[in-house]
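What follows is a set of notes on a single structure, which appears directly below.
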Amino acid sequence: MNPSPPPVTPQPPGPQGSGQMFDQIAPRYDLLNRMMSLGIDQSWRRKTVKALELKPGYRVLDLATGTGDLALKVLKHHPEGTVVGLDPSEGMMEIGRKKVAEEGLSAKCELKLGDAQSLPFEDQSFDGICMAFGIRNVPDRPRALREMARVTRPGGRIAILELSEPRNGLLSPLLRFQIRKVVPWLGAQLSGSGEYRYLQESIAAFPQPEAFADIMRESGLEVLQVHRLTLGVCCLFVAQPRVN
């Protein structure tokens with residue numbers, strides 16, 4: 001009996017991958033997030049910030065920072081530190097930089113073009129790392145997780161927020177229908193773009209929480225908590241670098 005082939009991560013359309021795709025939807029990205037999650041995404045981000053357990057003087061890396069929503073959330077709840085945001089989409093970060101400037105936080109928040117699979121930072125240079133709705137877009141997730149472990153100081157928290165397809169529970173068929181049918185349709189109607197079909201495909205292909213937690217462990221992280229949020233449509237993974 002032939003072994004099953006390994007799962008393939010759906011790749012964003014376009015020659016530049018996720019960077020180009022998100023450049024195209026950047027102008028309405030925040031609005032689409034709010035509408036498609038009914039505003040619940042803000043609560044998820046607050047839980048992510050809380051999981052970092054930051055102390056005054058912290059330095060945080062926000063991966064897949066996009067328009068800076070999570071980076072700004074960190075500074076709102078913990079103004080006594082600094083945040084570096086990294087993202088492959090310059091179009092998203094242009095909007096993010098405007099939001100940062102409007103909040104008067106340009107001195108505390110820097111948004112830079114970059115790749116989570118190859119972080120341009122020294123070892124142990126951050127007190128915490130957060131990432132919202134970005135890890136499923138990374139082609140080599142174990143490599144990105146190893147990079148997170150490398151640049152996080154001992155004891156620092158890594159908080160990864162990601163969407164998932166619920167597999168259990170009475171409402172799981174309805175929630176899967178929303179992800180597979182409603183989200184791509186609504187995204188296309190509001191953005192004038194078909195790129196949100198990729199969103200549905202990437203969520204469906206993302207490992208179930210237990211499987212992704214195992215990938216984190218295999219990549220040098222100690223998984224502290226896995227929180228299933230809002231009937232399992234979103235998961236928050238909390239980890240720290242494993243001490244050898």
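Numbers run from 1 along the shown chain.
Glycine too: its Cβ is placed from the backbone N, Cα and C atoms.
Just so you know, TrEMBL annotations are computer predictions that nobody has curated.
Record features, source TrEMBL:
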type     : residues                     : note
BINDING  : Thr67, Asp87, Asp115, Ala116 : S-adenosyl-L-methionine binding site
COMPBIAS : 1-15                         : compositional bias 'Pro residues'
REGION   : 1-22                         : region 'Disordered'
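Overall, the recorded S-adenosyl-L-methionine-binding residues Thr67, Asp87, Asp115, Ala116 cover a maximum inter-Cα distance of 16 Å. Look at the binding-site residues Asp87, Asp115 and count other Cβ atoms within 10 Å of each Cβ; Asp115 has the fewest. All protein chains included, Ala116 (S-adenosyl-L-methionine binding site) registers 24 other Cβ atoms within 10 Å of its own Cβ.
Within 10 Å of the C-beta atom of Thr67 (S-adenosyl-L-methionine binding site) sit 27 other C-beta atoms, taking all shown protein chains into account.
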